[in-house]
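In what follows, a structure is listed as structure tokens, so that the remarks can point back to it.
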Amino acid sequence: MRNLKLLKSLKSSELQGPGSPQCFCVRADTGSLLVASHYSITEYDPRTGQVVTEASLTAEGFLPEDGSGEVVGLQELAELESACLATAGGDVILFNLNTCKLECVGSVDSGLTSMCWSPDEELVILTTGQETIIMMTKDFEPITEVGIHQDDFGEGKFITVGWGKKETQFHGSEGKQAAQKKIQEVQPAAAWDDRRPRVTWRGDGQLFAVSAVCPQTGARKVRVWNREGVLQATSETINGLEQALCWKPSGSLIASTQRHPNKHSVVFMEKNGLLHGDFTLPFSKDQATVKDLLWNSDSTVLAVWLEDMTAGEDKQVNTYIQLWSVGNYHWYLKQSLDFGRDSQKAPVCVCWDPERPLRLHVVSSNWTCITYDWGWTTERSPGLDATDNANVAVIDGDKILMTTFRQCVVPPPMCSFELQMTSPVNQVTFLCRPQRTNQLAALTSDGRISVYRQGMKATVRTVCVGFFFTPFILQLQKIRYEVTVHQDEPLALRQLLWLEDELFVGVSPGLLPTSSTLLMLRSAPDADDTLTVRSAGSEVEVDGIVISTVHCSQTGTVALQLEDGQIRKLLWDRPELSVEEWRDSSGCSINFPVPCVQTALCSISGEDYLLGLTDRSHLYAGDTELASNISSFAVCNDFLLITTHSHTCRCLQLSALSIKGLQVALASDGVQNDETLRRVERGSRIVTVVPQDTRVILQMPRGNLETVHHRALLLAQLRKWLDGLRFRDAFESMRKLRINLNFIYDHNPKVFLENIKTFITQLNSINHVNLFLTELKEEDTTSSMYPRPEGSPVHTPPASGQKKVDVVCDALRSAMESMDHNKFFLSILTAHVKKTLPELEIALQKVHELRVNPPQAPGAVNAEEALKYLLFLVNVNDLYEHSLGTYDFDLVLMVAEKSQKDPKEYLPFLNMLKSLEPNYQRYTIDKHLKRYRKALHHLSKCGEEHFHEALQLVKEQRLYSEALRLYTADSAHYKALSCAYAEHLMEQQQAEQAGLLLWRCGELASALQAFTSSSSWRNAICVAQQIPLPPDQLALLARDLAEKLTEQRRYSEAALLLDQYAKDCEEAILALITGAVWEEALRLIYMHNRQDITETNLKPALLEAVSSQTAFLEAQVATFTRHRTRLAVVREQKEKARLDMLDEDGPDCPDAELYSEASSVMTGSKYSHSNSRISSRSSKNRRKAERKKMSLKEGSPMEDRALMCAMSDIITTVDKMREEMHNLLKALLMFQFDKQAEKLQKAYEEALQMMEAAAPEVWPEGQQNNQAPLTGPNSTANSIMASFQQQQRPAAPLQGQHMLRH
């Protein structure tokens, strides 16, 4: 839905010469024109107006001096730096562009009728006066010469499979009459046909086509030849086929023209010569002749060069150039250039620029050169409010195809309605005034401006089958303005802007070729239908060629862009029109680095910027490049929407981003749940964005449309609606576009809860409320699915302690009950069911109440409907069981009847329940529903006869604690339950708790056994004395307990039992000596007067303790020293490996600091495996695996870590010996073992000092402070986990070294 808009035109009249131009071409490298006339060949630069080179063709004798000669072909040969031209006399001439010399490289006696070079300039085709084709190389060596007219069809001749005669074959829609049709006679070519062959090459240079008049029939035929000069195909007989011929550069179609009995068409042929599509020219049958067809270099525009067949009263003919493009299989006339009847201004040569696809060169009879530069643009209405209909205008000849996308999306070439003009349209512009942007003005080829406004009465018009539109169609106002602007050539007025009702701004050519004139057009004082420049202050000369103008309807700013990318601001709202440089907020001049083909004004962070998109897909904001892969963009409200060549569509909020932020956003690939990014179809372009809406209209390469609701636009609109309490609009949009309905609450929980009645009232639909309730989830959608925009306020939910679903359900239920309980009954049921713990019993009870007391209000639901709805929400089996749990059999039957259950399944069970005693009935129901606590509660009320059943239930479901609460402590049932509980605790290895239970219920013997097995000796002695046990059995019990305590290294407690209850002081003293409790042993020795034990047991034990402690210290010190030495070696190896790696990667390797010290690659270790299954193991196994990985084996991956852990363990072990060493040294001093004590203390002190001195070396300060995990390119998940665990280990505690000295 794009139009061709004239960016600039360059007219040059400086070139003059004898005769008139006959052929011309464009030099691709310099852009200058090569023009050949009856007398000479000239290279001319239209930008400077200077003749570069010139050579006479008559002086060398190539053309006659009387001007009767003719140049039939001209081509620049860039490789040879020459131009090749062919004359009708048969000469092929090379014109050297450097030396300006002419050289005849060949001659044909019969003369030449045309010359055409292949696109790669390797071959040249010459057609001779003898109707032959000569193919030559670029060195003018003949390859072949064949006749143009061949009897054979060619190598691509169709194969006939012989399926019967023509009369018996199916003829489609033509019917059987087609079989009787007589073959029409071939009509000869038109009288005005020049009878000359036309040659055209395919874009890849592999095929060429020749159109020539057949000598037998007199009609034109097209033949296709390959690069070797072999005929490939001949066209079918086409009556009325004309001389124009041009092969589409993309290679798909050959364009020509055909005159039908009732119309004049441009027809297309395939390479096999068959017709394939056409379109009708906007002329009657005998009105115009087509002089030539010209495809531009990218095959997007077809230029049709025509002139009238009959001359006017002044005996002059009108000349036209029309530009056509195709979209969705429809051909649009995008531009029509009317050159008038002046033969001096009529074009004699037309061609497209080989480098710039949309640049057209025209040379007239009076040597005037005009260059037109076009650009693709989408004419959309610029409104920003809801009154704008999102209009898009498409030019199609003398019609404007209008589509109003706010009301409907009509695929092109159809439209909402058409605006019929009296002459072809060249430009369309919309009024740039708020609330009135639907008004349209059209500039036509006759220099008039037609204004269209919406009619005041409703009108319905059928545009095409299936589309009816619209309530307000644009109607032609009474004024059709004449524009009093001097127009020497077509399109003298361009870049039209409609700023106010009778105020237009346009651009016309300046006084100099490098300048432009800005015109402010107002209605003439003496004529309402004329637009004119009222005063000298209404026009201004701009130093530079203006190629685009753009207006911002918000600020009224008009920006201009010059052909070199400079930006100017037009001050149009002042008494005199003026132009100034575009400056930013700091006063610096801002310009585009390169010219842009599409521009738009916007505000970024409160500052005006001009956005521009180049033909190379670079998007600029002033002089700052934002992105380099943009295919289209549009600015709507506060959003910038772009499509990229990576097939994505982005939507960015301009007020929330800076220029730098835009660059970062456009450079990123997007993250999960990024609302600014979405995928689109390949090649999509933005047509328009509906203002104050969520719709973005995209057009695919073929021409079809697609409407997308971009997530960023949608969420912004939803937030606006929710802030304005427009819950219905938000709900409808979210429901249609599949946005999670939780967003209604999550956006602002406080506001929603405060306005919950407004929410219900606006929805006014039970189904909608139910839908909202059923979608409720605990997830906060503003944190996960639809993150809030940066800088927006965060609305936290009220801190009630309840879950979100429960809060919303309760609030909605309460509001609906207060508003209309009967109307919202189903929604109230939904609120009960959707809670975190569904309140099915309450919901069922309400349904039951509805059945007992039916409501009388009109429109209220009955119990049957309510139950049916409840069954829709909840599984029927769950609902049946919950109804059974209410103990209401009427409710159970009601649910069962609505379910699909067989009455044989539930009726016997219900009848059995009804026959039971109430408490036992409820017990049976609860047990059936596996509600065992409730079942036990009811069963406990059923009497003595059911206690055994209750005891069995307690044992099966382990409900001991609940059961004990149901019986008094002095009852036999309580005692039985306690014993059962004690048995259970004994099985669970909790003998002490079992003993306490047995003791409190009076089972002393069992309690004593439990206490004894758990080594709870104090409780065991108490129970034994409560029994009471005889002294000998009590002593035996004490010995048994002491033995168990000794096994558990609880020597002091064992000694107490032996001394006080077994009355065996010697065994008690020996137990204390074994446990190194020296002071207590000495106390008992003197209390029982057993000094003999001092000599026999105590002193030898002290000396043995000294030797064992000394040996242990020596072993620990030796191990620590060995580990310390090995650690230094390992660290040296790793440092060397790190330096070697740095040498390989260079001194500035940015990843050097990321290499893990624990990496096996760094150490060159052979242990490089990684146990990836550890993560799936239990925590116990994982710790075990980690410990196994911390191996002390030399060369292991984490040997240094293992060494550090081992030394930390040694320090911890030695430090824990302080108390033990203190007690041993005191005992040694008491028995005068001074030397042994001194030796032991010295050894311990040296060990502590050595370890304290080694700590800074083992744990360097930098490593102690580094809390970051060890990561890097060679780290694994397991190595990183090990580093975390290592950091979490506390440093070895080195406390003070003060020891008791004697």
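Easy rule for this one: first residue shown is 1, then count along the chain.
Just so you know, glycine gets a Cβ as well, placed from its N, Cα and C.
TrEMBL does not curate its annotations; it predicts them automatically.
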Looking at the ranges 3-22, 1263-1282, 1283-1302, which is given as region 'Disordered' in TrEMBL?
1283-1302
Given 42-61, 782-801, which one carries TrEMBL's region 'Disordered' label?
782-801
Hey, which bits of the same chain come close to the region 'Disordered' (782-801), Cβ under 8 Å, at least six residues off its ends?
653, 656, 673, 675, 711, 715, 739-740, 743, 746-751, 753, 807
Using DSSP, what is the helix/strand/coil residue split across the region 'Disordered' (782-801)?
0 helix, 0 strand, 20 coil
Mean of the pLDDT scores, which run from 0 to 100, over the domain 'ELP1 first N-terminal beta-propeller' (1-355):
87
